[in-house]
Amino acid sequence: MKPSLLDFRLKELQANIKPSFRAKQIYGWLYHNYAQSFDDMKNIPQQLKDELAKSYVVNLLKIVKKELSNDGTIKYLFELQDGKTIETVWLKMKDEQIDEEGCVTQEAKYTICVSTQVGCKVGCAFCLTAKGGFTRDLTAGEIVAQVVALKKDNDHKHNRMINIVYMGMGEPLDNLDNLSRAIEIFKEEDGLCISGKRQTVSTSGLSNKIDRLGEMDLGVHIAISLHAVDDELRTELIPMNKAHNISSIIEAVKRFPIDTRKRVMFEYLVIKNKNDDLGSAKKLVKLLSGIKAKVNLIYFNPYPDTPYERPQKSDMIAFQEYLINHGLLCTIRDSKGIDISAACGQLKEKTQSELQ
């Protein structure tokens, strides 16, 4: 496959495209106008476009299917150049605010949930993506292309703020080289200009890779998919815990460079009769003592044939209240897109079933 122009930072394109100002124009077409082909680049000489087309492609993704939730969540299934498919989610976090005179006082806020791999190696017991196994890493361009495609499809101007969470298909830190390149591309001032502070890397806990990410000093946030407070249950839910146990993860988090004004996010997927009891809440308080942490409780999002169940709302609230009363900042994540195939891997699985 040819590489995409989305695989490169501006300085790299400038080194390969002469005169260099043309590279900057092309960068504008990619990230300000969301060009899908060389033909879209109206002020670029045809000879240069023909030359570039011999070595590069522009668009890497084809929308196979998308589903719109009542809450504004949009789930996308994309086909890659090699025919593999990935999922990306457009999340509406806050509605637009309008005053009595009809003036916008606050723009709507959006987050894009991005995939980093086709499939996943981690094999979490509760995750539908894990059923399909691992196929390959995404390139940096394929990671970047998801954000470009969603901003284009939702008419979201390049200079409007957006947050990125690497919480889609795959383990981000298992594809760290391509992930870090994508992060740097997003940060480009002449591109989308999405700072590290607006990018969150979610990991199931590759403790050695947490250290390496910290050494890269990319300025991103991390979120730890903890989901259990003892190694026995966590190994059941996340088999990789045998190699990267809870203790090693906590120590890696303590070493990670964190903005003193920020907190480390710990994600805790709550599953009925597994980890929703107050005994688990008590252990969680002890586990996170000494860490400037925020706990995000997440309702398990059921899918067909899963043995796990969604917890009761009353149990979620009791769990949250216990953590708050014992000094932890704790939120319950709104269940986005519950009326559509919003759990990771669901839309892909559903579409494949329909085609059979």
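Using the three backbone atoms N, Cα and C, a Cβ is placed for every residue, glycine included.
Note that the coordinates shown come from a computational prediction; the quantities given were computed from them, not determined experimentally.
Annotation comment: Swiss-Prot describes E87 as active site, proton acceptor, evidence class sequence analysis. The 10 Å shell around the Cβ of E87 (active site, proton acceptor) contains 27 further Cβ atoms across the protein chains shown.
Marked as active site, S-methylcysteine intermediate by Swiss-Prot: C344.
Under the DSSP three-state reduction, C120 ([4Fe-4S] cluster binding site) is assigned to coil, being neither helix nor strand. Long-range Cβ proximity for C120 ([4Fe-4S] cluster binding site), meaning a same-chain Cβ under 8 A and a gap of 6 or more residues, is found for C127, T129, A130, F134, M169, G170, E171, D174. What Swiss-Prot lists as [4Fe-4S] cluster binding site is C120, C124, C127, and the listing cites sequence analysis.
Cβ neighbours within 10 Å of S202 (S-adenosyl-L-methionine binding site), excluding its own Cβ and spanning all shown chains: 20. For G170, E171, S202, S225, L226, H227, N301, the entry in Swiss-Prot reads S-adenosyl-L-methionine binding site, with the evidence type sequence analysis.
Residues annotated as disulfide bond in Swiss-Prot: C113-C344. For C113 (disulfide bond), the same-chain residues 6+ apart in sequence whose C-beta sits under 8 angstroms from its C-beta are T88, V89, L91, V165, M167, G168. Under the three-state DSSP scheme, C113 (disulfide bond) falls in the strand class.
What Swiss-Prot lists as domain 'Radical SAM core' is 106-339, and the listing cites sequence analysis.
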Practice task
Report the mean pLDDT of the predicted model across the domain 'Radical SAM core' (106-339), rounded to a whole number.
Solution key: 95
Practice task
Could you state the whole-number distance in Å separating the C-alpha atoms of S202 (S-adenosyl-L-methionine binding site) and E87 (active site, proton acceptor)?
Solution key: 16
Exercise for the section: Give the sequence-ordered list of residues that share a chain with S225 (S-adenosyl-L-methionine binding site), lie 6 or more positions from it, and have CB atoms under 8 Å from its CB. Expected result: S202, T203, S204, G205, I238, E267, L269
Exercise for the section: Give the sequence-ordered list of residues that share a chain with L226 (S-adenosyl-L-methionine binding site), lie 6 or more positions from it, and have CB atoms under 8 Å from its CB. Expected result: G205, R234, I246, I249, F266, E267, Y268
Exercise for the section: Could you list the residues of the same chain, at least six apart in sequence, whose Cβ is under 8 A from the Cβ of H227 (S-adenosyl-L-methionine binding site)? Expected result: F126, R234, L237, I238, E267, Y268, L269, N275
Completion exercise
Quick note, C124 ([4Fe-4S] cluster binding site): same-chain residues at least 6 apart with CB under 8 Å of its CB -> A130, S204, L237, I238, P239
Practice task
List the Cα distance (Å, whole number) between N301 (S-adenosyl-L-methionine binding site) and E87 (active site, proton acceptor).
Solution key: 16
